[in-house]
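As written in TrEMBL, here are the features:
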type	residues	note
BINDING	18, 177, 178, 219, 220, 221, 222, 223, 224, 225	ATP binding site
BINDING	58, 145, 157	substrate binding site
DOMAIN	285-368	domain 'PUA'
Ligand SMILES: Nc1ncnc2c1ncn2[C@@H]1O[C@H](COP(=O)(O)OP(=O)(O)O)[C@@H](O)[C@H]1O
Ligand SMILES: N[C@@H](CCC(=O)OP(=O)(O)O)C(=O)O
C-alpha cells in the first residue's frame, strides 16, 4: 500500500513535513500567507485526520537576511550563523501566532547532526518528540545553524528532514518546495523540462537530473532532495516533493490527489537501529569486499566474514562504524566492527577457522555481525 502513491496516504499515521526557504520568504521578510496556510493545513490534518505531524521548517537565514536589510545571504559562516540567529526568533514567533489561531501549541527543536550520532541523544530526541506529539504539540525543527560547522552539520534541511523521518519511524516525508517536483532537467534553464510523477528507484540517471544549485534562498537545490529521498526510500519510507504554495497542497495530498513527484520506497523496512547505524554514524574507515561477500550481505542478509574482505582503509578500533564498499568503490552500507583495523588487516581473506591461529584468539566469527550491519546502497 505504501508503495503506491494513490493509496499510501490511507495508511499514514505519522508524517514529516519539510518546507524550504524559497516559499517561506517574500519581499522584505517572511511570506506570512505561506506560514499561515501551511500551519492551517497541518492543524487540519492533526484534528480532522488524526495524523501526527513533525514539521521541519527552513527559513531562518532567509528571514534574518531580509530582516537585517542585507542585500543577500552572507557567504561566510559566522555571517550565516548570525543571520540565522536573527531569523529563527522571527520564524518561531510567526509560527506560534499562526498555530495559536487553530488552538495549537508549538515547540522549537534546533538540532545538530553530531548530537544524533550519540545513541543516547538520538533516543532522547526521539522520546522528546514522541512526548510532544502525545501532548498534541506541534514540533518545529530546524538545524541549530548558530553552532553548526561542517563537521557536525546536517548541511541542509532536506537531509535533516530525512534523518527525522528515520528517527521517528514516520510513514512518509513530504518535502514542500517552490517547484512542482522533480523535472527531467533543471527547469530554470530548460523550458522543455517535464515533471516526473513517480520515481520507482533512485538510480544514477535520476541523481544526474537534479542540479545542486539552489534557488535564491535555498540550500542544496534539487540534488539534496534526491539524496534525502534515497535515504528514506532505502529505509522503506516513501517521499513526495510538491509545490508548497499550491493552495491546500497537504490536504489535497492526504485526500489522495496526485501532485508532485512520488518516490517509491523499498518493500522491506530497515529497523530503526540499523537506520541509525547506516545514516547517523560517521564511518571511521572502509572495508573493500569481494563479489561473494557483497552478494551474501545484499541478497541473503548475511554477516561480513574475514574471507570476503580484500582491503582496509583507515585506522579504527573495535566497535567503530565502518563503511563497506564493492570493487567499484560503491558504498554498500555501514556496520559496527568486531575487530580493529589492525586485526582485520591480519585476518582479511582468511576462513573463520584460521582466525585463532593468526591472532591467538577468536572473539567473533564475523567482522561485522548482520545485526550491526545496515545495507544502504548497491540494491
Ligand atoms: N531537475 C530538477 N527538477 C526540479 N527542480 C530543480 C531541478 N534541478 C534543479 N532544480 C531547482 O531546485 C530548486 C529547489 O531547491 P532549493 O532552492 O534548495 O529549494 P528549497 O528552499 O525549497 O529547499 C527549484 O527551484 C529548481 O529550480
Ligand atoms: N537551517 C537553514 C535552512 C537550510 C536549508 O536547507 O534551506 P532549504 O534548502 O531552503 O531547505 C535556515 O533555516 O535558514
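Indices start at 1 and increase along the chain as displayed.
A Cβ is built for glycine as well, from the same backbone N, Cα and C atoms used for every other residue.
Checking the binding-site residues 145, 178, 220, 222 for a CB within less than 6 Å of any atom of ligand 1 leaves 178, 220, 222, listed in sequence order.
Checking the binding-site residues 18, 178, 222, 224 for a CB within less than 6 Å of any atom of ligand 2 leaves no residue at all. Using residue 58 (substrate binding site) as the reference Cα, a 10 A cut-off selects 18 from the binding-site residues 18, 178, 220. Other residues of the same chain near the substrate site, with their Cβ within 8 Å of the Cβ centroid of 58, 145, 157, are 21, 57, 59, 60, 61, 84, 142, 143, 156, 160, 219.
Over all protein chains present, the Cβ of residue 58 (substrate binding site) has 29 other Cβ atoms lying within 10 Å. Taken together, the residues of the domain 'PUA' (285-368) have an average pLDDT of 96.
A distance of 17 Å separates the Cα atom of residue 145 (substrate binding site) from that of residue 224 (ATP binding site). Around the Cβ of residue 178 (ATP binding site), 17 further Cβ atoms fall within 10 Å across all displayed protein chains.
When Cβ neighbours within 10 Å are tallied across all protein chains shown, the highest count among the binding-site residues 157, 224 belongs to 157. All protein chains considered, the CB of residue 18 (ATP binding site) has 27 other CB atoms within 10 Å. Comparing the binding-site residues 145, 220, 222 by how many other C-beta atoms lie within 10 angstroms of each C-beta, the top residue is 222. Secondary structure of the domain 'PUA' (285-368), assigned with DSSP and counted as helix (H, G, I), strand (E, B) and coil, comes to 28 helix, 22 strand, 34 coil.
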